[in-house]
Ligand SMILES: [Zn+2]
């Protein structure tokens with residue numbers, strides 16, 4: 001279950017931020033930006049996150065995920081394309097060589113703590 005590794009990344013990023021800013025209040029929401037290629041199952045990510053954060057300031061935090069679709073630029077004609085499913089082919093020139101630009105993101109965008 002690769003969500004576990006990702007959940008532990010998120011926990012360490014947010015925990016570091018709390019420590020660096022000396023925030024001692026519980027976290028209620030964590031916003032994430034996750035590319036489609038990461039193939040995250042949100043429920044399973046939340047489940048792993050919950051199991052890692054028991055008895056910490058993060059224990060009741062909800063994960064809010066913004067999904068970024070896979071997209072790139074055609075190497076032949078430069079058209080920007082958003083991909084839904086393979087085969088990945090340029091609709092203009094039928095080129096198959098793409099430079100992928102989005103879809104691999106995995107970022108903690110922001111988080112909210114209790115007042
Ligand atoms: Zn093209």
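Note: Cβ is positioned from N, Cα and C throughout, glycine not excepted.
What TrEMBL says about this protein:
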BINDING   2  Ni(2+) binding site
BINDING   74, 77, 90, 93  Zn(2+) binding site
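In the three-state DSSP scheme, residue 90 (Zn(2+) binding site) is classed as coil. Apart from 74, 77, 90, 93, the Zn(2+) site neighbourhood in this chain, defined by C-beta within 8 angstroms of the site C-beta centre, holds 75, 76, 78, 79, 81, 91, 92, 94, 95. On a Cα basis, the residue listed as 'Ni(2+) binding site' lies 36 Å away from residue 77 (Zn(2+) binding site). Secondary structure at residue 74 (Zn(2+) binding site), taken from DSSP and collapsed to helix, strand or coil, is strand. Distance between Cα atoms for residue 74 (Zn(2+) binding site) and the residue listed as 'Ni(2+) binding site': 30 Å, as a whole number. For residue 90 (Zn(2+) binding site), the same-chain residues that are 6 or more apart in sequence and have a Cβ closer than 8 Å to its Cβ are 74, 76, 77, 79, 81, 96, 98. For the binding-site residues 74, 77, 93, the greatest number of Cβ atoms within 10 Å around a candidate Cβ is found at 74. Rounded to a whole number, the distance between the Cα atoms of residue 2 (Ni(2+) binding site) and residue 93 (Zn(2+) binding site) is 37 Å. Residue 2 (Ni(2+) binding site) carries neither a helix nor a strand DSSP state and counts as coil.
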